[in-house]
Amino acid sequence: MSSITLHTLMARKQAGEKFAVLTAYDACFSHLISTAGVEVMLVGDSLGMVLQGNDSTLPVTIEEMVYHTAAVKAGNQGSMIMSDLPFMSYGTPEQAMDSAAVLMQAGAHIVKLEGAAWLDDTITLLAERGVPVCAHLGLTPQAVNVLGGYKVQGRDNSAAKKMIEDAVRLEQAGAAMLLLECIPSLLAGEITKAVDIPVIGIGAGADTDAQVLVMHDMLGITPGRSPRFVKNYMADSDDIASAFKAYAEEVKAGTFPGPEHGF
Ligand code: KIV
Ligand code: NA
């Protein structure tokens, strides 16, 4: 696969072609995932849960994100690498610049941060300085203690209306992509239509421009009951590489997620 850029993904959106995103945290999986036709690898702060065994993403540090981003870069075969800015590493615009700098120097092509209105200036400043930003809306796990748990967001009309406004404003501020987590499928479809930038969904239905899953979840190795939006791709695959390929193909064909995976 030739190298995926923001330009590639914008063109996919305009052509109505979906793309696949999967988390990756190390070089071997990065190699397998990027050769499986997955356009974007997310070095997610979910690593705090699936690699470190914490009960939230809050303990993850910028140094840890840099370490895993460098490992993913080492194995990458042409996918775009998106890295999460971890909890409180972008509390002020100045902090965000410093944190984004070390992630980009480690190999990220774009950084992701969680939140809405308070991030407008930060997103503008980063974009002006050459750092593309993906804004994460809906269920934002770094705010779990404010949200009161991992719950579907944007269910009532006023919250839904606000989320559409947030999405449009973040695009105007300079966001290059959006990620929507655990929101009603209908709302995710409306937001995807309301903005020109590519929209990635998880637990957000079939109408976003792209899908993301946590690798451990789709391989069926995360302990406990898996969330409704997860599909276990090892169930019908002989090996891990085939599971990654099946996921990429189903996302692009629009057969994953099905209605049963949405809210
Ligand atoms: O950290 C992560 O893996 C994420 C995805 C769940 C969207 O942010
Ligand atoms: Na994350």
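Cβ coordinates come from backbone N, Cα and C, glycine included.
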Name the one residue among LYS13, LYS112, LYS151 that TrEMBL lists for the same 3-methyl-2-oxobutanoate site as ASP45, SER46, ASP84. LYS112
Write down the Cα-Cα distance for GLU181 (active site, proton acceptor) and LYS112 (3-methyl-2-oxobutanoate binding site), rounded and given in Å. 13
Among ASP45, GLU114, GLU181, the recorded positions in question, whose Cβ has the most other Cβ atoms within 10 Å in this structure? ASP45
Cα-Cα distance linking GLU181 (active site, proton acceptor) and ASP45 (3-methyl-2-oxobutanoate binding site), given in Å to the nearest integer: 14
